[in-house]
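**Q** Take a look at this one; I'll ask things after.
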Amino acid sequence: MKGILDSILRVGRMIFAPTKTVQYPEEKLPLAPRTRGRIVLTRDPDGQERCVACNLCAAACPVDCIDVVKAETPDGRWYPESFRINFARCIFCGYCEEACPTSAIQLTPDVELADYRRGFLQYEKEDLLISGEGKHPGYRYWDVAGKTIAGKAQDPVDPKDLCP
């Protein structure tokens with residue numbers, strides 16, 4: 001009898017408690033700022049692509065969902081002729097963002113990627129490339145690439161000199 005009364009009281013309290021459900025498409029819950037969602041390719045402040053087609057993002061990807069084809073400009077700079085991500089396979093781990101030396105590939109908090117056909121989840125370079133600088137405004141890879149640190153020796157280091 002006591003168990004039945006406890007159950008009735010519990011149900012009675014829950015009837016008048018505020019609801020915890022949200023009508024999703026109309027109302028959205030706030031996401032954490034570090035939510036890993038859709039992947040984008042960013043640009044330099046000059047408007048050039050940051051990606052140098054080094055293929056480190058594809059090598060770091062544990063599910064092999066990134067495909068990069070490298071091309072070269074007449075001045076010798078590498079760029080991705082083709083950059084494809086298969087979001088049907090992507091697990092949004094963020095390893096590609098960590099591996100990128102130019103901060104070109106970044107994960108955004110946009111998590112709404114659902115589609116009815118798997119083929120529509122393969123994004124090409126044109127779909128991924130945004131006009132902004134992403135999380136690192138003002139960063140230019142080519143301004144810091146290959147520059148020496150002031151006060152450091154520029155000669156090659158002999159490993160024998162490092163041994164005790």
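Cβ coordinates are placed from backbone N, Cα and C, and glycine is handled just like the others.
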**Q** Please pick, from Cys93, Cys100, the residue that Swiss-Prot records in the [4Fe-4S] cluster 1 site together with Cys51, Cys54, Cys57.
**A** Cys100
**Q** If you draw a 10 Å sphere on the Cβ of Cys90 ([4Fe-4S] cluster 2 binding site), how many other Cβ atoms land inside?
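**A** The answer is 20 other Cβ atoms.
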**Q** Of Cys51, Cys54, Cys100, which is closest to Cys61 ([4Fe-4S] cluster 2 binding site) if I measure between C-alpha atoms? They're all binding-site residues.
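**A** Nearest listed residue in space: Cys100.
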**Q** Please give the average pLDDT for the domain '4Fe-4S ferredoxin-type 1' (39-71) in this predicted model.
**A** 93
